[in-house]
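Participant: Dumping the structure here so I can ask a few things about it.
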Amino acid sequence: MVKICCIGAGYVGGPTMAVIALKCPDIEVAVVDISVSRISAWNSDTLPIYEPGLDDVVKQRRGKNLFFSTDVEKHVTEADIVFVSVNTPTKTQGLGAGKAADLTYWESAARMIADVSKSDKIVVEKSTVPVKTAEAIEKILTHNSKGINFQILSNPEFLAEGTAIQDLFNPDRVLIGGRETPAGQKAIQELKKVYARWVPEEQIICSNLWSAELSKLAANAFLAQRISSVNAMSALCEATGADVTQVSHAVGKDTRIGPKFLNASVGFGGSCFQKDILNLVYICECNGLPEVANYWKQVIKINDYQKSRFVNRVVSSMFNTVSGKKIAILGFAFKKDTGDTRETPAIDVCKGLLGDKARLSIYDPQVNEEQIQRDLAMKKFDWDHPIHLQPLSPTAVKQVSVVWDAYEATKDAHGICILTEWDEFKSLDFKKIYDQMQKPAFVFDGRNVVDAEKLRQIGFIVYSIGKPLDDWLKDMPAVA
């Protein structure tokens, strides 16, 4: 029986291994992590991450051929294929600070694999890593190999949170990169056999190691670039009276461009886009390509600009001060159908409003108070370290309350900021909300989810990103 072990029980490792276990009932799959609380959650009825369809998959296979354990060494020793899906945060100090990936967790995983292995293994990079990581890992493994053969493969994930299970069931492509040697090619075929159990062969792409590693960074950079492109247009639309929804619809009808990732918003978030672009920038700089590095930096600059532009719009519309005013924040996750708050634009928007002494009342259907307080108190990039290495329960931000209902959040508020496109926000009773708010009542729609015209008829002053401005807003331009 083939045995697979995955080091790292996070957003990538957990769902990926659960689907492999479901599709390959004859393969034993173990997901290991040093975090006792995380493994306990995977073994309970309340999984540590929210992802539509994940519960069903885990419950079908857990205890049969899918196991979650803190006994890392035992399962690594027994495995034929070891996936490594550990955190690769952005460095906060030292060489490459603010851009380069911190490979501390990767390196310790590689050293541990070398230490405990008693048989040949295929080691698979699953976390997003900088180009040439495989080479570094290979050196660590071979220098500590004790005569055991290791083959390194790069098998980047292309999951979108909120649709991860569907993405795993029906991937656009599976990418496997390996050495162009007989042993390297044999390892590629071994992993390919696993995926071929449910993925059509023509959708499994094989490449060399560097191409596979770079493809992941490039894919995320291209996606983020599209969001920054439409967000840049949204600022121009507001200035000229154009409607960004109409513009992006017209642009997306061009088959060479297509309609996906063309929704203007308060900005992109998630664990990968910013981190991967910073990584790409660093790699370009290290390889003497400053022009290329500067090109990709602009994608992040526009994203930061969009968030600060939104905060400026809120403050300037409300008589240039939000001090002491209650602002309702609807949505904190970086997008709908996930509880993930990593790099969510809501963090920067909330911090911007708090900087102007606003009182915030936050509601998100999937994010709890502890997570929100932690996010608002944490330093940049701290979130990407394993939970037990993050700062201990940071002090709560006093001007923030977290509630479990949109109506509670908006009661007595001066303004509402919609920062996540949860479906439930479209069907709220805005007449009821209006009646219990301070007047004038403002709605700042950072996701273009509400019907602005209907809200204006109720009496709201509405700002929608990239849409023609309310007369009120024209009189009070947002000064950056």
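Yeah, the Cβs are placed from backbone N, Cα and C, and that goes for glycine too.
Copying in the features that TrEMBL gives for the protein in this structure:
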ACT_SITE  CYS272  active site, nucleophile
BINDING   8-13, ASP33, ARG38, 86-90, 127-128, GLU161, 272-275, ARG342  NAD(+) binding site
DOMAIN    328-452  domain 'UDP-glucose/GDP-mannose dehydrogenase C-terminal'
Participant: Would you mind reading off the Cα separation of GLY8 (NAD(+) binding site) from CYS272 (active site, nucleophile), to the nearest angstrom?
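Facilitator: Cα-Cα distance, GLY8 (NAD(+) binding site) to CYS272 (active site, nucleophile): 16 Å.
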Participant: Sorted by position, what residues of the same chain at least six away from ASP33 (NAD(+) binding site) have a C-beta under 8 A from it?
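Facilitator: For ASP33 (NAD(+) binding site), the qualifying residues are ILE7, GLY8, ALA9, GLY10, GLY13, ILE39, PHE68, THR70, VAL72.
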Participant: Cα of TYR11 (NAD(+) binding site) to Cα of CYS272 (active site, nucleophile): how many Å, rounded?
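Facilitator: Roughly 12 Å, rounded to the nearest whole number.
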Participant: What does DSSP give as the helix, strand and coil breakdown of the domain 'UDP-glucose/GDP-mannose dehydrogenase C-terminal' (328-452)?
Facilitator: 43 helix, 19 strand, 63 coil
Participant: Would you mind listing, in sequence order, the residues at least six apart from GLN274 (NAD(+) binding site) in the same chain with a Cβ closer than 8 Å to its Cβ?
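Facilitator: Correct list: ALA224, PHE268, ILE300, ASN303, GLU343.
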Participant: Rounded to a whole number, how many Å is the Cα of GLU161 (NAD(+) binding site) away from the Cα of CYS272 (active site, nucleophile)?
Facilitator: 11
Participant: Show which residues of the chain containing CYS272 (active site, nucleophile), separated from it by at least 6 in sequence, have their CB under 8 Å from its CB.
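Facilitator: Same-chain residues close to CYS272 (active site, nucleophile) (Cβ under 8 Å, separated by 6 or more) are THR128, ASN220.
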